[in-house]
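Engineer: Before I ask anything, here is the structure I am working with.
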Ligand code: FAD
C-alpha cells in the first residue's frame, strides 16, 4: 500500500541541508520530504578508472548527510541506476506530488532534467527547480541589449551592480527539518558496490573560510609554493558550501577573492548561453581549424610530469599525487601542452577532468579554452608562456618544484622534450595559418 503523498528532494550538486534553495521550498510544500540521491550509471560509466576522488568525495558527503538526516528521524534514499529507472520505481512505491531539485546548467544535466520532467509530467508530478549553485544564472546578468557578456570585466561590473543583499539571504530551513519523511535508515551502497575503490594519497581539503588566508589572498595567490588559496573548489563543485554565505564573507574581506567567485559564475553563464562548448567545440569556431600535432609520446611525457620543464613537471606531479594543482601552474601546464607541444586542448581538458578533485565542466573548459586562446576573453594566441620566466617570477627559490620533484637537480634534469624558442615559433605559425583561413 502506498504511503500518504510526499514530495522528493533530489540532491545533485548541493550536498548540504543548510541554506539549500530547493530543499527549503520542498520542506515548505506542506508534504513530507523524502531526500534522494542517485548514483547515475550514465555518469559513472564515463569514468576511466575505478579510482575516482570525486565519487569518493560524494560518497563521504552522503554518509554525513545520512547522519544529519538520522537526527531528523529521516534517511537518505539512494539509487544506483539511471534517474529515469529510479523515478519509475519510486513512483510505484509512493504517491509523489512533486520532485524538487536545484538547477544544473551543463548541457547534459539540462537534457537529463528535461527528460525527467517529461517522465514525471506523464504521471502528473511536478518537477520544480531552483537557482542555488550560483548567485546569478541564465539571463540575470546580460548586456543592455539582452545579449550575454563574453568579456569578464564588464560582466563582473554588472554582476556587482546587480548584487543586492537579498541575493545573499540564506534559505533558513532548520525549523523545517521536522517535515522530512520519517523512516528507518536506508543503506548507502559502499564504494565497491558501486564499482569504485579508494584513491591512495588523496585527502579532501576542509570546508572552512580562513579569514586570514583570504585577507592575504591578493598577495599570495600567485605563488604555488604558498598555501595561499582557499581550496574550496571541491566544496563549491558539490555544494557542500553555500555560495550565498561564501560571497557574503568574500565581499566583506577581499575583492580579489570575490572576483574569482565571479569568474566561476561567468564560466557557468557561458556554458548556459553557448552550449556548443559542451559538445567539444571551441568557443570561437575558427580555432577549430588548428592542425594539432597530437604526439602521443609527448602527451604521455606531459601527463607523467616528464617534459624536462621543471615547473610543468612539478605541476603534473602535484595533480597526479593529490588531485589538486595550483591555478598559476594550471595555466602554465595547459599552455605548454597546447602551444609548446601543439596537442589538442581537449586532451588536456579530459585529463584534468579525470584527475582534479575540484573538476567542474564550466571552469575546466573555461580554463582550457582560455589557455588555447579559443575561449571567450582568452589569452591572445601569440602570448605563449615561457616556463623558465614563469618559474623565475613565481617560484624563484624553486620551493614548489623541489616539493613535487624531491630529487630535483637543475644541472642534471631530464632534457627538455622541445626547445622553447622553436616550439614558440612553430605554435605561432600553426595558429596564424589556421586563423588566416
Ligand atoms: P581559489 O583561488 O581559492 O578561488 C576560490 C574559488 O573561485 C575556486 O574554488 C573556484 O570555484 C573559483 N575560481 C577561482 N579561479 C577560477 C577560475 N579561473 N575560473 C573559474 N572559477 C574560479 N576551477 C575549478 O573549480 N574546476 C576546474 O575543473 C578547473 N579547471 C581549470 C583548468 C585550467 C586549465 C585552469 C587554468 C583553471 C582551472 N580552474 C578550475 C580554475 C582555478 O584554477 C581553480 O578554481 C583554483 O585553482 C581552485 O583552487 P582554490 O579552490 O584554492 O581556488
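Cβ coordinates are placed from backbone N, Cα and C, and glycine is handled just like the others.
In TrEMBL, annotation is done automatically, which means it is predicted and not curated.
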Engineer: In TrEMBL, the FAD site includes 257, 260, 261, 262, 263, 264, 265, 266, 267, 358, 359, 360. Which of 217, 223, 381 does it also list there?
Structural biologist: 217
Engineer: Over all pairs within 217, 257, 260, 261, 262, 263, 264, 265, 266, 267, 358, 359, 360, the annotated FAD binders, what is the largest Cα to Cα distance, rounded to whole Å?
Structural biologist: 22
Engineer: Can you tell me which of the recorded sites 292, 345, 368 is spatially closest to residue 217 (FAD binding site)? Compare CA atoms only.
Structural biologist: 368
Engineer: So which recorded positions are near residue 292 (site 'Electron transfer via tryptophanyl radical'), with CA atoms within 10 Å, out of 266, 358, 360, 368?
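Structural biologist: Correct set: empty; none qualify.
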Engineer: Near residue 264 (FAD binding site), which residues of its chain come within a Cβ-Cβ distance under 8 Å, counting only those 6 or more away in sequence?
Structural biologist: 134, 236, 360, 362, 363
